[in-house]
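I have placed the structure first, in the form of structure tokens, so that the comments after it can refer back to it.
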Amino acid sequence: MNIVILLLILTFSIKHSNTYKLKNTYIPINYMYHNNKNILRSQKSKLFLNFLSNNQLANSNKQTCFFKSNIKSSISNIDNYDYIRKRYINTSNKNKLFYNITLRTNDGEKKIECNEDEYILDASERQNVELPYSCRGGSCSTCAAKLVEGEVDNDDQSYLDEEQIKKKYILLCTCYPKSDCVIETHKEDELHDM
């Protein structure tokens, strides 16, 4: 029943979506990301992506779904994996890996826990730590921060250039932790003064 509802929602949600060529027809694929609060953002999205990858997508070396706010997730039925980063969506907390993040904010140090598949900005909001943001898609500098210690995956962003990345600037709205981290927040002005 839930899959049928999801398919109906997808069929009727044709507004401003990126499209995919599915067996010689184009259909929109809207934002799908896990969150137990609503069906479009539930784990059912993962089931639908598997359905698309196994049954509907035209043959190609690379198929990537682009969702709202530039969030991307790769579909698993692909011949060439060299350029693909997979995101597995799972709402279960069993054996879930998380990292301790120390945020050096304008109001002092804040410590949060961030799941390995969760953006640092989302984790901070979940734990009532307010940080600046605008686009939530890695295409502006409002949530700019600087990585002091640790390692992150900031590949989902599209704003920072190579020089800024080498100087350890990150965008918290599209940044996954890969280890425990220390991060200085509120770095938008510093970023633009470079």
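Cβ coordinates are placed from backbone N, Cα and C, and glycine is handled just like the others.
Of the residues proposed, Cys173, Cys175, the one Swiss-Prot records at the same [2Fe-2S] cluster site as Cys135, Cys140, Cys143 is Cys173. Counted within 10 Å of its Cβ, the other Cβ atoms near Cys135 ([2Fe-2S] cluster binding site) come to 17, all protein chains included.
Neighbour count (other Cβ atoms within 10 Å of the Cβ, all protein chains): 28 for Cys143 ([2Fe-2S] cluster binding site). Sitting within 8 Å of the Cβ centre of Cys135, Cys140, Cys143, Cys173, and not among those site residues for [2Fe-2S] cluster, are the Cβ atoms of Leu121, Tyr133, Ser134, Arg136, Gly137, Gly138, Ser139, Ser141, Thr142, Tyr159, Leu171, Leu172, Thr174.
In this structure, the binding-site residues under consideration are Cys140, Cys173, and the one with the smallest number of other Cβ atoms within 10 Å of its Cβ is Cys140. DSSP assigns Cys135 ([2Fe-2S] cluster binding site) to coil, not to a helix or a strand.
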